[in-house]
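For reference, the structure is listed below as structure tokens.
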Amino acid sequence: KESAAAKFZRZHMBSSTSSASSSNYCNQMMKSRNLTQDRCKPVNTFVHESLADVQAVCSQKNVQCKNGQTNCYQSYSTMSITDCRETGSSKYPNCAYKTTQAQKHIIVACEGNPYVPVHFDASV
């Protein structure tokens, strides 16, 4: 079974590019990372930074998660991210996404030993 940390990497990490390559980026990535397998995942964020830099956020600014838990952390610096949001015309299995590139602080939930990101909570 895929670990929570491995799932975070599959769903949210794209260190190979510094930003979204094209407006088609989300359509390609959401499919290749298996985020459209049994349904269209409505919203997803990819982070274009090294895994080490994203894992380091777990020792940065402690903030409350959207669900009220206290194991969320906000990055001190902004990071290159791509937001993928399902379009109005999207219909499973032909999931369609709008690609939006941004520089924002990320908020992740961390757990385990080693203490690593397991959930992408928000960007601010």
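Please read every residue number as a count from 1 along the shown chain.
Keep in mind that glycine also has a Cβ here, set from the backbone N, Cα and C atoms.
Note: Swiss-Prot links C40 through a disulfide bond to C95 (candidates: C84, C95). Each of C72, C84 is a candidate, yet Swiss-Prot gives the disulfide link of C26 to C84. Taking Cβ-Cβ distances under 8 Å and a sequence gap of 6 or more within the same chain, the neighbours of C58 (disulfide bond) are Y73, V108, C110, Y115, V116, P117. When secondary structure is read from DSSP and collapsed to three states, C40 (disulfide bond) falls in the coil class.
Taking Cβ-Cβ distances under 8 Å and a sequence separation of 6 or more, the neighbours of N34 (N-linked glycosylation site) in its chain are R10.
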